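What TrEMBL says about this protein:
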- 28-50: transmembrane segment (TRANSMEM)
- 77-96: transmembrane segment (TRANSMEM)
- 108-127: transmembrane segment (TRANSMEM)
- 141-183: domain 'NADH-Ubiquinone oxidoreductase (complex I) chain 5 N-terminal' (DOMAIN)
- 147-170: transmembrane segment (TRANSMEM)
- 182-199: transmembrane segment (TRANSMEM)
- 199-496: domain 'NADH:quinone oxidoreductase/Mrp antiporter transmembrane' (DOMAIN)
- 205-223: transmembrane segment (TRANSMEM)
- 235-254: transmembrane segment (TRANSMEM)
- 274-300: transmembrane segment (TRANSMEM)
- 356-376: transmembrane segment (TRANSMEM)
- 385-406: transmembrane segment (TRANSMEM)
- 459-477: transmembrane segment (TRANSMEM)
- 506-528: transmembrane segment (TRANSMEM)
Amino acid sequence: MKASESMKKNGGFQKGLKDSFKKHPLDYFCINSIFVFFVTIACVFAFVILTRMEGSALQRVIRIGPEFVGTITGFKALPLVVIMFPLIGGPLEAILGRRSENLRDSTVVDNTFISFILILAMYPQVARGSIHYTLGGLFGYGLTFHVDMLSFLMAATAGILWFLVSIYAHDYMGIERHRNRFYLWMSVTFGGILGTVMAGDLLTMFLFFELMTFSSYMLVAHNQSKESILAGDSYIYMGVSGGLCILLGMILLVTHTNTLEFVPLASALQGLGWIKYLITILFVVGFGIKAGMLPLHIWLPKAHPVAPTPASALLSGILIKVGAYGILRIATSIFVPSIEEISSYKDPLWEVSQKLGALIIWIGIITMLVGVFMALQQSNMKKMLAYHSISQMGYIIMGIGVAAYLGYKGAMGFSGSIYHIINHALFKALLFMAVGLVYMRTHELDMYKLGGLWKKLPFTAFVTIIAALGITGMPGFNGFASKSILHHAIIEAYEYGHHSFKYAEILFTIVSAGTVCSFIKLFSYVFLGKCPDKYKDIEGEKGMMDMAMAGLALLIIFIGQSPGYIFNQFIIPAARSLTYDPAFIDKYLVDMNFFNGHDMVGMVWVYLLGIAIFVLGKKYHLFHLHLPTWLSVENMLYKPLYKGVLGISHTVTDRYETAIIKSDVIIYAIVLVTTLALLVRFG
């Protein structure tokens, strides 16, 4: 009782940890998680130091270390081991959960920790070039894995996010049912994501992409409420449709090029006429559904509010990025010429890439704009974050579009999109965690019914500020670097390309201001003002949940303070491995000055505009205005499409069903009479 009163009065990270130990003095999960958490911090710190070394120095450190270190880092099948670890671990966790929930949850944390360390262990091979491994004999084609710097970045981001969410989930999932099932599919989804981003060809990518789709459906529909089942249905229908688009694109590609490998095929596609554009559209639509790209986004605002918060953090943090990764991998590996074929960035072989890029830029801009506009109208905190995921994916998609549009000079767009994938994973997962803790204590998602919670949940309020500063692009926090690069990229698009992209740059600024407004609104309604009477006696923070959120907050600050580390050490090498102009990279990207006066002054204007929008919106109650339901994409596009397809099927059925039935009866009668005649004759 005293511990509970202490929590009520003080809250905070330290009190949360003390509370965990007072209530559960021998809680194996807490001891294990704290130990593994600090070991992970030590490993990340050591990794940062080692990766700052020159390649030869890093190899010397590996050689003088224990023998098994060199054996692991040089193991060619390491990608397969990394993928199989969570796939095997998931069923094991479910089995252990039948005996002890603490043992199961500790195993989940330990498994994700080991997976993350194994991912980091791939770096020495990746730094030297790449890892290539083929598992032959499967499907008559074999599974191929290829880990380059781009794959490594995606896998490492997924690994650290999964590790921290697994710590957070222990306390949160206490309010949910069917926890064994949740952890099983959470681990399988992790394996599916790792397999997708480390795939070496389209067949392997497709198989793991589909595994990820079906396993993550179980996370969306986990609660089994009417809303979660409907959201799950929407998610799986869209996911299967996307998978079919990718499969059809693969069939057309292999039919005309005889390969499914990620190799430059611009010259092979040059003479295919409209077929090459159909292949392009199929891949963009297939992966775009998962990325939440407009108008393929309708599943996302439904899935996030109903899924358990750990699932929402993972869906928004990394799963939708896999869709963007698919578009990026296709755009930078297949629809491009080889280095030997390039004469300039205006080479005719860039034609498909440039047309694809122009389309993707505008899709990205519209996705950004619609996402932030819809987010401003939301009262449900998780739905607001869901729409912001759509908006932030618009930034990433726009960057991919610039990379494809500028072709040989597209390294700025590529770098910005990859950097924003990493940054968005961190601050959006943290925002979902913070909102999840608020919901866990108040059982309320409507921000207009909350207020004054900073006194009850001070650490949650603190990390919400850090995440909000990250997503809005405040200098010194991680989002500033990636948004600045993306801003430079869209400026390059109209300087090197079409003048219409000047309007895209203006919309980019407006969307950024809308993002600022949204998170001022979220923080002010949830944490500031007067606390409603019914929330004055709520419990304080949870130590393990706070520790997980602290890990993400530290990463946001670290990247924000040292943006050049990830950029120079990982993103630039990833760009160099693709078909981009080395001279352009050396001139504009290497040792980029992120904290320059022009970009920082630009962010001041963005913040001022965002504050102005918030003041006007609150004064004139603009946040409570809602578009009519008939104006939604679902009502304007998908429902008429569904009714049209249903009408056609009914027409066809009504017209031909009777004739088909009659012909079937005649066929069956002939078969029956013939059989009887044969029996009589030879019986």
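Quick reminder: no glycine exception, Cβ is built from N, Cα and C everywhere.
Here the structure is a predicted model, which means the values were calculated and not measured.
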Counting only residues 6 or more past its boundaries, what in the same chain has a CB within less than 8 Å of a CB in the domain 'NADH-Ubiquinone oxidoreductase (complex I) chain 5 N-terminal' (141-183)? 29, 33, 37, 40, 44, 79-80, 82-83, 90, 93-94, 97-98, 101, 104-105, 108-109, 112-113, 115-116, 119-120, 122-123, 125-126, 129-135, 190, 193-195, 197-201, 203-204, 207, 218-219, 222-224, 261-262, 308-311, 313-314, 317-318, 321-322, 325, 328-329, 418, 421-422, 425-426, 429, 433, 436-437, 440, 542, 544-545, 547-549, 551-552, 555, 570-571, 573-574, 577-578
How about the transmembrane segment (77-96) and the transmembrane segment (28-50): do they have 3 or more C-beta pairs under 8 A, pairs 6 or more apart in sequence? no
Taking all residues of the domain 'NADH-Ubiquinone oxidoreductase (complex I) chain 5 N-terminal' (141-183) together, what is their mean pLDDT? 91
Within the domain 'NADH-Ubiquinone oxidoreductase (complex I) chain 5 N-terminal' (141-183), how many residues are helix, strand or coil going by DSSP? 32 helix, 5 strand, 6 coil
